[in-house]
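Per Swiss-Prot, the features are:
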- ASP43, ASP82, GLU114: Mg(2+) binding site (BINDING)
- ASP43, SER44, ASP82, LYS112: 3-methyl-2-oxobutanoate binding site (BINDING)
- GLU179: active site, proton acceptor (ACT_SITE)
Amino acid sequence: MKTLNQLQDLKVNKEKISMVTAYDYPSAKQVEAADIDIILVGDSLGMTVLGYDSTVQVTVADMIHHTKAVRRGAPNTYLIVDVPFGAVGVNDQYDLEIAVKLYKETDANAIKAEGAHLTQYIKNCSNMGIPVVSHLGLTPQSVGIMGYKMQAGNKEAARQLIEDAYAVQQAGAVMLVLEAVPSDLAAEISDKLDIPVIGIGAGKETDGQVLVYHDLLNYAVEHRAKFVKQFGDFSVGIDALKQYNNEVKAEQFPGEAHTYKKQIMNEVTE
């Protein structure tokens with residue numbers, strides 16, 4: 001498993017960091033086998049594997065359940081778990097209790113929190129010994145306000161994002177995810193910050209990249225964002241399922257090769 005210090009060294013040495021968002025045991029096993037640096041269990045699991053309309057419906061219990069499965073599948077990969085909507089911003093005591101619960105019960109290496117307004121939360125968690133990854137730019141828990149579109153597209157917003165990035169680093173964030181922002185802005189932030197900056201829809205000059213397992217493999221994807229590249233095609237599984245269905249209906253499956261041939265009924269009826 002790469003440690004946080006080793007991930008930091010990758011940034012210093014200008015070696016790119018790979019991150020994949022995964023949600024269950026089998027996908028985690030594949031990600032670890034591919035030697036990906038980091039796995040993120042994102043609250044996007046709400047839409048991707050639970051069928052919710054948005055990330056807002058995801059609960060702490062959902063995150064713990066899936067992250068524990070991912071950890072079992074990838075025991076040797078740096079693991080980050082999302083803090084879901086409603087699990088932060090109530091009060092300091094409640095927020096910390098949930099942070100400890102997520103961090104402790106999942107065996108994650110860090111938690112991830114969305115938004116520039118959480119600097120005090122980052123400080124509080126850091127003081128407790130919980131590493132926090134910040135997420136700026138397009139933050140899915142706030143799409144009801146900002147929408148699914150590129151962020152920081154004008155001068156004022158770009159300046160604000162730079163200030164926010166510095167602020168979360170100063171608060172103690174160990175890493176930053178930048179989503180859906182202009183590539184030159186992401187490059188500037190990556191260059192100026194000391195912590196690793198992982199981009200998604202933020203160009204190639206960030207310290208690393210993250211994509212969702214299902215997106216990059218075209219696995220039950222209903223909408224593909226502009227910044228997603230398809231590296232494989234799991235949709236062919238539908239063809240396999242259709243073939244299975246047809247062979248069952250046609251009494252072609254199971255065949256002799258898939259059948260236990262020992263004759264037992266004569267013995268049973270004796």
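Using the three backbone atoms N, Cα and C, a Cβ is placed for every residue, glycine included.
DSSP assigns ASP43 (Mg(2+) binding site) to coil in the three-state reduction, placing it in neither a helix nor a strand. Overall, the recorded 3-methyl-2-oxobutanoate-binding residues ASP43, SER44, ASP82, LYS112 cover a maximum inter-Cα distance of 13 Å. Of the recorded residues, ASP43 (Mg(2+) binding site) and LYS112 (3-methyl-2-oxobutanoate binding site) place their C-alpha atoms 10 Å from one another. Taking Cβ-Cβ distances under 8 Å and a sequence gap of 6 or more within the same chain, the neighbours of ASP82 (Mg(2+) binding site) are LEU40, VAL41, GLY42, ASP43, VAL58, MET63, ILE111, LYS112. The recorded positions considered are ASP43, GLU114, GLU179; of these, GLU179 has the fewest other C-beta atoms within 10 angstroms of its C-beta. Around the Cβ of SER44 (3-methyl-2-oxobutanoate binding site), the same chain contributes THR21, THR55, PRO140, VAL212, each under 8 angstroms and 6 or more positions distant in sequence.
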